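Novice: The structure is given below, and queries will be raised subsequently.
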Protein chains: 2
Amino acid sequence: MIFTDTKNPDFAESFNELLQRGKMDIAHVSAIVANIINEIKTDKNSALKQHISKFDNWTPSCDEDLKISTESMSKAYDNIDSKLKAALHLAYDRIKVYHEKQKPKSWFDTEENGTILGQKVTAVDSAGLYIPGGKAAYPSSLLMNVIPAQVAGVEKIVVCTPTPDNEPNELLLAACHLCGVSEVYKVGGASAIAAMAYGTQTIPKVDVITGPGNIFVATAKKMVFGDVNIDMIAGPSEIGILADDSANANHLAVDMLSQAEHDEMASSILITPSQKLADEVRVEIENWLIKLPREEIARKSIEERGAIIVTSDMDEAIKLMNDIAPEHLEVATDNAFELLPMIKHAGAIFLGHNTPEAIGDYVAGPNHTLPTGGTAKFYSPLGVENFMKKTSIISFSHKAINEIGEACALIANTEGLTAHEQSVRVRMSK
Amino acid sequence: MIFTDTKNPDFAESFNELLQRGKMDIAHVSAIVANIINEIKTDKNSALKQHISKFDNWTPSCDEDLKISTESMSKAYDNIDSKLKAALHLAYDRIKVYHEKQKPKSWFDTEENGTILGQKVTAVDSAGLYIPGGKAAYPSSLLMNVIPAQVAGVEKIVVCTPTPDNEPNELLLAACHLCGVSEVYKVGGASAIAAMAYGTQTIPKVDVITGPGNIFVATAKKMVFGDVNIDMIAGPSEIGILADDSANANHLAVDMLSQAEHDEMASSILITPSQKLADEVRVEIENWLIKLPREEIARKSIEERGAIIVTSDMDEAIKLMNDIAPEHLEVATDNAFELLPMIKHAGAIFLGHNTPEAIGDYVAGPNHTLPTGGTAKFYSPLGVENFMKKTSIISFSHKAINEIGEACALIANTEGLTAHEQSVRVRMSK
């Protein structure tokens, strides 16, 4: 763990290490992934089956074997505990309400000469959602990807998830039933991304692919980008915390560990002007670690990629956090809303002492798929807009083209584009 | 030119050719572009200078030589004809007004238990705009890229444009002055994209890169995607026209040629239920072609990539056009607005007989940077949102976490994430 003070002579070096935290070196997997994509493009289902044999330890005997039956989903749903069922429904409803609020609307405006300009917003026809499987199968990931696509109005929603040993995760199946998803395929990794990007005999080609995954999935998403749209290229999860003396060290320690328990590559970074808080959180982390079933992962993450930085004041802390642009940012101060305007870059901001990051992972409502590794400087959370696209609307009257046509013809002429110029002039009154 | 009828036995084959129109095979340039990017990453300015010597036929003698002076921009502006100046100002003002209307707003909502959820929308810190240079230097491209970045509120706007023989295009310089852009570099191609993605001693690293370019530029944009955001991967320009007997064949012919004159690779596709119109447009295209200074390019484009398709009715025409998802779509019918709801995919739609596509290239207001090659099925026009990003806002009160925390803790527990669960439980009342 980096435990430092901005006054340390080697601070700049330590901090630079944090800025590089999310860098994925895809070079060493590029050739493998390109090969997988080409195999799927060429051999489609038969390549899919081979990849499943190789990576998931079972062999589909026919094309139908690739698909999960809706019966098994409804059965899984019936089998889950009623309290958990209620919790998942609460999550579903809250996520849906939030995403409905962010849905963009078509609009237009008119000018008195008869001009109409606007923007038509429509759903993409189809979306492919990648949901990690096996031990890291999270029903919450399914909700967070399906709901924005449903709110957008996507007609065809397809899910791909790896199923090692041909044993689908029961919770994921239950969540599929809850969400009303019916087209789920037992395909994972780069193969799944390629199948959804280019289509096979069984898996349809889609317009947009979203969802988290390992470096093979991320690399495949980058490679198919342009042939389909994708949400973002995401790396390991991370949390940044801005806090002062008003914060509870015990709470912040467990918040940091809630990132660390995800993944050895996860980063947890506390920046505070309070030396006292910094010291306390460091101790509390140790107290919590030994209580966690996932201690090993969390300890490695904290040791190798955790950081506690003491600054001269909150302004300096905010400045550093803006450079980091964390996926999740907790602001654990009494005046969290006062600090909000100064915070420039983060995937999601959790304000005040009662808002642990985990509440946003499941039930708060906003999406938990967020930009990582500093990409919050230019990417947005997954949302309804990822499943929609815009079309410009332009309509001119005869009066309007007469009024504005000359300027248009003049610029076209200057650019040497005569047919452009003439297409306007032929419509103007002589 | 494809001149066909949907009843022709080989129609499906011809139509499939049109669907493949935008496919760029980047495989053969990938190695070259990857190499250029690596050279810029490693050798920065010195690599830039070598690339300029090689591709633009002049050699910068010092780092300052890479930058265009603001004096030369204001001088170029002073030198342009007053009518053209007025036309460019009209274009600037109309584009700005349109883009201001599409600027997204931050929002939040509250629940009575003390929950606040919302979305904060902010500009990216910096943007890099690529503007093609040399013979294809279009001042309109500058306006269409700069204005959305300015409306978004981007603080640092950088422009890169190739300047063969060290002779900047005077119109482009004038447009830079008009737009108030001051940081313009004489760097083109994949080198420019790499320089803006990773930074050099002279050119700053930016957050978002937009702008049109050839296959090397498009490939470089795809390769740096993830380290920065990009607008889209665009190919050759194209127009689709839906028309009936109410349309003017002479007008439609010149509209098709306004695409064809851009580029031999451009596609111009008319789909109509009127055999009469189809025959007339075919004749008019020939009449226009011989009058165009860019006849050679336009003729090659029309011959190799033009199409006129006769359908049984307008419904069939619309269905085919939705499959094509053209960059520009003209609806040349008396009832254009009645057809609008049925049109699912297009970059921009030009409605009615008085709205030639060229009006949208320059002065209408909407952006002329649009998705090509069928990518309108999932990409949107360039806009203010390309230069902004969103951050989710979440704030819970003590009452709110007490009400909703249990559901959250339960799901976290089910997913095996104990620290997630505990980070919620420690904040709930015992």
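The backbone N, Cα and C atoms fix where each Cβ goes, glycine too.
Automatic prediction, not curation, is the source of TrEMBL annotations.
As annotated by TrEMBL, active site, proton acceptor applies to A:Glu327, A:His328. Taken from TrEMBL, the feature substrate binding site applies to A:Ser237, A:Gln259, A:His262, A:His328, A:Asp361, A:Glu415, A:His420. Summarising the annotation, TrEMBL assigns Zn(2+) binding site to A:Gln259, A:His262, A:Asp361, A:His420.
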Novice: So for A:His420 (substrate binding site), how many other CB atoms are inside 10 Å of its CB?
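Specialist: The answer is 28.
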Novice: Around A:Glu327 (active site, proton acceptor), how many other C-beta atoms are within 10 angstroms of its C-beta?
Specialist: 31
Novice: Let me check the 10 A CB neighbour count of A:Asp361 (substrate binding site). How many other CB atoms are there?
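Specialist: If we count other Cβ atoms within 10 Å of A:Asp361 (substrate binding site), we arrive at 27.
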Novice: Around the C-beta of A:His328 (active site, proton acceptor), how many further C-beta atoms are within 10 angstroms, looking at every protein chain?
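Specialist: Other Cβ atoms found within 10 Å: 29.
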Novice: On a count of neighbouring CB atoms within 10 A, which of the binding-site residues A:Ser237, A:Gln259 is highest?
Specialist: A:Gln259
Novice: Roughly how many angstrom lie between the C-alpha atoms of A:Asp361 (substrate binding site) and A:His328 (active site, proton acceptor)?
Specialist: 10
Novice: Measuring Cα to Cα, tell me the gap between A:His262 (substrate binding site) and A:His328 (active site, proton acceptor) in whole angstrom.
Specialist: 14
Novice: At its widest, how many Å does the recorded substrate site span between Cα atoms of A:Ser237, A:Gln259, A:His262, A:His328, A:Asp361, A:Glu415, A:His420?
Specialist: 57
Novice: In terms of DSSP three-state secondary structure, what is the assignment for A:Asp361 (substrate binding site)?
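Specialist: Assignment for A:Asp361 (substrate binding site) reads helix.
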Novice: A:Gln259 (substrate binding site) to A:His328 (active site, proton acceptor): how many Å between their Cα atoms?
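Specialist: The Cα atom of A:Gln259 (substrate binding site) is 9 Å away from the Cα atom of A:His328 (active site, proton acceptor).
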